[in-house]
Amino acid sequence: MSFRIASWNINSVRARIGIVERLLREQAPDVLCLQETKCEDALFPHASFAAMGYPHVYPAGQRMHHGVAIVSKVALTPNNRFDWQDNGEARHVGVRLPNGVLLENVYVPAGGDIPDRTVNPKFGQKLDFLGRMTRWSEGLREPSIVLGDFNIAPLPEDVWDHKALLDVVSHTPVEVETLAALQSSHGWADLGRLFVPPPARLYTWWSYRAADWAASNRGRRLDHVWCSPEVRGSARAVTTLVAARGWEKPSDHVPLIADFDF
DNA sequence: ATGGTGGAGCGTCCA
């Protein structure tokens, strides 16, 4: 058996329902985890997903900003909605898969522009979010997958220019250290890098502000799929669907697709 | 040099 889980920061699920349908048609994941849905739950386009064979929707949205959702071919068990931001923002939804594995869909805050919590509270919130995730992770006792937009590119090979981005939020040493503490708190396996180890470059995001994203290729690996030690042996492949950055009216993130043998 | 783009929804905020 093969179980396919996709993760995608969609930057408005309503504005981009067309390319969501394209992903479902072409990649046929069993489960799709979305971030930045940008709509409250009552406005989530359930009918579009049902028509594509995904009638099971577990949204955690809010008006205008942020928002996550899990959609699925088969029924899942709602499990939790953590507020790791501690301010009510919709940035997490968790379910239990049919095989019992927990799936946690996370949208880590971007953190603003200035990497200093004394002048930019959003940067502190980002680090504190990861701190709360770490305390959750330390107490976790069940096989789990945690994935989504982590808004941090941890490795030098996860950005187009390591030195140029050391002071840029998403690649600063304190963010990388904080993410490493989260990863080591439960022995999380970084599946993206399990299948595409350094020194290969690997990106999941390209800014809208480039004249030609493909030509300049100034990408960052902000999206991640991690699994707990019990699940690692079931992982078969992880794909970053780079071509989706060139689809019509694209998201600035591309889908991550993980295949498991369960 | 402090840009550049995009979505939500009508001010700017968020990314």
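Just so you know, the numbers here start at 1 and follow the chain as drawn.
Even glycines carry a Cβ here, placed using N, Cα and C.
TrEMBL has this to say about the protein:
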BINDING   A:Asn9, A:Glu36, A:Asp149, A:Asn151, A:Asp252, A:His253  Mg(2+) binding site
ACT_SITE  A:Asp149  active site, proton donor/acceptor
SITE      A:Asn151  site 'Transition state stabilizer'
SITE      A:Asp223  site 'Important for catalytic activity'
SITE      A:His253  site 'Interaction with DNA substrate'
ACT_SITE  A:His253  active site, proton acceptor
I'm trying to understand the geometry here, so how far is the Cα atom of A:Asp223 (site 'Important for catalytic activity') from the Cα atom of A:Asp252 (Mg(2+) binding site), in Å to the nearest whole number? 11
Residue, out of the recorded positions A:Glu36, A:Asp149, A:Asp223, A:Asp252, whose Cβ gathers the largest set of other Cβ atoms within 10 Å: A:Asp149
Residues near A:His253 (Mg(2+) binding site) by Cβ (under 8 Å) yet at least 6 apart in sequence within the same chain, in sequence order, are A:Trp8, A:Asn9, A:Ile10, A:Asn11, A:Gln35, A:Asp149, A:Thr204, A:Trp205, A:Leu222, A:Asp223
Apart from the site residues A:Asn9, A:Glu36, A:Asp149, A:Asn151, A:Asp252, A:His253, the 8 Å Cβ neighbourhood of the Mg(2+) centroid comprises A:Asn11, A:Gln35, A:Tyr107, A:Trp205, A:Leu222, A:Asp223, A:Ser251
Ordered by sequence, the long-range same-chain Cβ contacts of A:Asn151 (Mg(2+) binding site) under 8 Å (at least 6 apart) are A:Val108, A:Pro109, A:Ala110, A:Gly111, A:Lys126, A:Ser170, A:Leu222
Surrounding CB atoms that lie within 10 Å of the CB of A:Asn9 (Mg(2+) binding site), all protein chains: 24
